[in-house]
Amino acid sequence: MAWIFRNESTDMDLSSNYHEIINCGRLPAISSGQMISSGSVDDGNGTIWLYDIDCSGSEHKLINCTYSIDTSHCFHRYDVGLHCYLSCPAEEDEGRLRFITGSVENIGRLEINYKGEWGTICHIGFDHIDAAVACRQLGYCSGQMISSGSVDDGNGTIWLYDIDCSGSEHKLINCTYSIDTSHCFHRYDVGLHCYLSCPAEKDEGRICSGQMIPSRYVDDGNGTIWLDDINCSGSENKLINCTYSIDASHCLHSYDVGLHCYLSCPTEEDEGRFAFNNGFR
């Protein structure tokens, strides 16, 4: 919560170590900051001094901004909360990423270092294009988003929300985003599956010819379920050239595709011949 002194006195509890509280730029060792929701801080008590503060950003003190002292309609449940940044890194150092992984090195929760602190990213608005940018920044060739339920919940600050990348960015922080994460929770933290390799296009998705068999006739797989809702016209040379979705978060290995691949594909004139093992011609 931010405290402000007026006429060298205050009706608020001064048991904390706060002295002159203005904006984040005036606090010792603090370079800047952002507002957080009132629900994230304890309600204050005593006088509510200011309302409708409007700063240009160039002021050295909050009291130099325009404001109203008519706070008759305000309540302490609306007290201002602040998150002051520990540092403001140089532009080239802002937005470092790290992976919080479990037993698999390339699957885990994504975290970003923003304003000198590590925190998580809200998955609302985050898609596979954004995931590919993040994975490339982490040193992988590409990747995709996985459901938040597949990674452990983070803790601390949720820094970014509604990230939107074009796919050409070298760093996730270069994409557009919002820092208003007041409606996000750690159960929505972004999870990533970064690819260990990205085969040449000609080697991607090779598969034999054949027919589908029911999932119950094959053993359940394990690991990643890559594709869902595949739709081929039949003219494709590779399965990967068909339309498909990579959102397989609702799929289970009990539905893994089974195939019967043909040992040979006869020419059209030889297809469907009959033969007798025994009997009369």
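Each residue, glycine too, has its Cβ placed from N, Cα and C.
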Disulfide-linked residue for Cys65, taking TrEMBL as the record, within Cys55, Cys74: Cys55
Cys175: disulphide-linked cysteine among Cys165, Cys184 [source: TrEMBL]: Cys165
Disulphide bridge to Cys242 as given by TrEMBL, partner from Cys232, Cys261: Cys232
Number of helical, extended and coil residues in the domain 'SRCR' (221-262), per DSSP: 6 helix, 11 strand, 25 coil
In the chain carrying Cys65 (disulfide bond), residues 6 or more apart in sequence that have Cβ under 8 angstroms from it: Ile53, Asp54, Cys55, Ser56, Glu59
Euclidean distance between Cα atoms of Cys242 (disulfide bond) and Cys175 (disulfide bond), Å: 29
